[in-house]
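Worksheet: the structure to be examined is printed underneath.
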Amino acid sequence: MNNSWKQRELVFILVYAAIFYIIIIRYSLQLSHDNYKKLYGLRPGLISTQLNDASDAQWRNFRSNLPILTFVFGVFTLMANTVRAWYDLKAEGMSVVWLLISLAYLSYLHGAFIFFILAIASTNFLLVKIFGRTKYFPFILWVFNLSFLLCNRVYEGYSFASFGDHWAHLDKFRGTFRWHICFNFVVLRMISFGYDYHWSDHNPYVDQEMHIRHCNTCSSGKTCYRMLQERSVGIDKLSYTIYLCYLLYAPLYIAGPIISFNAFASQLDTPQKSYTLKQVAWYGFRWVLSLLLMEIMTHFFYYNAFAISGIWKQLSPMEVFIIGYGVLNFMWLKFFLIWRYFRFWALVSGIEAPENMPRCINNCYNLESFWKNWHASFNKWLVRYMYIPLGGSGRKLLNVWVVFTFVAIWHDLEWKLLSWAWLTCIFFIPEMILKSAATSFKADNVFKEFILRELSAVAGAITIACLMVANLVGFVIGPSGISWLKSVFLQTEGLPTLFGLLVTFYVGTKLMFHVSDTKQRTHQS
């Protein structure tokens with residue numbers, strides 16, 4: 001009877017979801033058509049006479065450089081893989097090959113300013129080698145890297161003129177991309193190398209034998225990514241050449257995904273075996289299909305243009321919700337495409353990095369699952385190098401504030417990002433309380449299971465709404481937009497829309513439960 005009830009519920013949910021997306025698509029098309037003359041960032045498109053939303057600078061730059069990037073990485077990977085096959089190179093040899101390739105790539109990107117990258121990276125290497133075995137090393141590592149993370153932003157990458165007039169002429173050779181923007185990722189790699197060196201004798205936070213017993217991948221004879229990063233590499237792989245190769249590795253240099261030093265160095269010796277050639281090709285083909293989806297979205301739905309033009313402040317509460325929901329989906333697909341593109345080239349060249357977007361944004365109903373599936377490689381980095389050393393789940397309530405404040409500063413020095421970080425931390429508190437209550441509540445019969453499922457769905461709806469608010473504040477409207485959002489939705493006209501979107505998120509959470517149940521049954525069979 002319980003299964004029959006769930007099946008009827010699923011039919012209702014699917015019908016509701018279909019109606020919801022029909023309404024969203026219809027309203028979005030109408031809004032874009034009626035307001036396109038007022039929007040900034042629209043350009044002639046590839047589809048018929050449609051304009052294309054190129055208002056997002058990051059996506060615009062990536063999309064316009066796709067042809068040259070694809071040609072360059074195609075040549076790079078062909079060269080590296082050919083040399084590896086001809087000379088049967090191992091870690092040290094491959095690190096030299098990729099380091100030379102990466103230095104040529106960075107010389108084009110940053111010109112003479114590559115000097116600053118090499119100088120800071122070399123100093124970090126010396127600090128690791130000198131203090132890496134001492135108990136106060138983590139403090140030195142964090143102070144050094146955080147100092148440069150902040151100074152790089154404050155001084156916008158420095159200038160050669162500050163070293164004297166006879167060096168000033170080098171400021172003309174800036175390359176095509178600001179080096180201090182990419183250096184955020186280099187900082188994460190420098191910290192990773194430092195900790196992996198510090199833990200090379202023994203990692204006090206991981207029981208590798210227990211992991212192997214409980215991991216399906218490792219128990220089958222293969223090696224999962226977590227084991228690659230937790231298992232220490234030999235002392236021969238802690239060399240300056242491999243270290244620099246890791247920091248500057250061309251396919252992952254600009255945007256990641258982020259890979260730990262141990263995982264990277266171990267794959268220089270033996271290329272990744274998790275993906276066959278056929279699977280890598282299918283991965284690339286799916287990326288092309290996703291790119292086509294993005295082209296359709298930006299040609300017909302001008303979500304991001306509404307956000308940067310400020311037009312959405314003149315819209316009704318229903319229209320504000322649609323634009324906000326669309327902006328978040330646009331952001332997800334943008335990062336999905338950028339990160340998967342660079343991960344694809346890493347896979348082709350034999351390096352498996354973590355997937356950054358393993359789950360769709362529309363399939364996350366709590367904060368923990370959302371952050372495990374949005375920039376997931378960064379999440380893995382934060383857990384390994386910050387969260388666990390700070391005390392892990394034993395001090396979770398305190399640790400999330402430290403971690404998310406760092407994430408905000410790592411992105412940029414802006415108040416709206418700090419607002420985003422602290423809002424997220426505030427929203428974590430009720431979720432932790434509810435999870436603790438749910439754990440103590442024993443669903444030992446059908447009725448209690450039903451009650452727990454309903455309460456979880458309500459909590460999921462509230463969490464999704466909070467996630468939308470936090471991300472819109474952090475990446476679109478800023479902290480001043482909080483009062484504006486309240487004035488839009490907490491009034492007579494806005495309350496029906498607020499109720500409707502909470503009901504929709506409730507139904508969407510129930511749909512996610514069904515998806516999870518189906519995956520669990522498939523896994524068990």
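Using the three backbone atoms N, Cα and C, a Cβ is placed for every residue, glycine included.
Sequence annotations record features per position, and here TrEMBL assigns transmembrane segment to 12-29, 68-87, 96-121, 136-155, 176-195, 240-259, 280-302, 322-342, 417-434, 455-477, 497-515.
Counted over residue pairs separated by six or more positions, the transmembrane segment (455-477) shares fewer than 3 Cβ pairs under 8 angstroms with the transmembrane segment (280-302), which leaves the two as not touching.
As a quick check, the transmembrane segment (240-259) and the transmembrane segment (280-302) miss the bar of 3 or more Cβ pairs under 8 A, pairs 6 or more apart, so the two do not touch. Listed as Cβ neighbours of the transmembrane segment (136-155) (distance under 8 Å, sequence separation of 6 or more from its ends, same chain) are residues 120, 123-124, 127-128, 180, 183-184, 187, 190-191, 194-195, 198, 389, 409-410, 412-413.
Remote same-chain partners of the transmembrane segment (497-515), defined as residues 6 or more beyond its termini with a Cβ less than 8 Å from a stretch Cβ, comprise 6, 9-10, 13-14, 16-17, 20, 316-318, 321, 362-365, 453, 456-458, 460-462, 464-465, 489-490.
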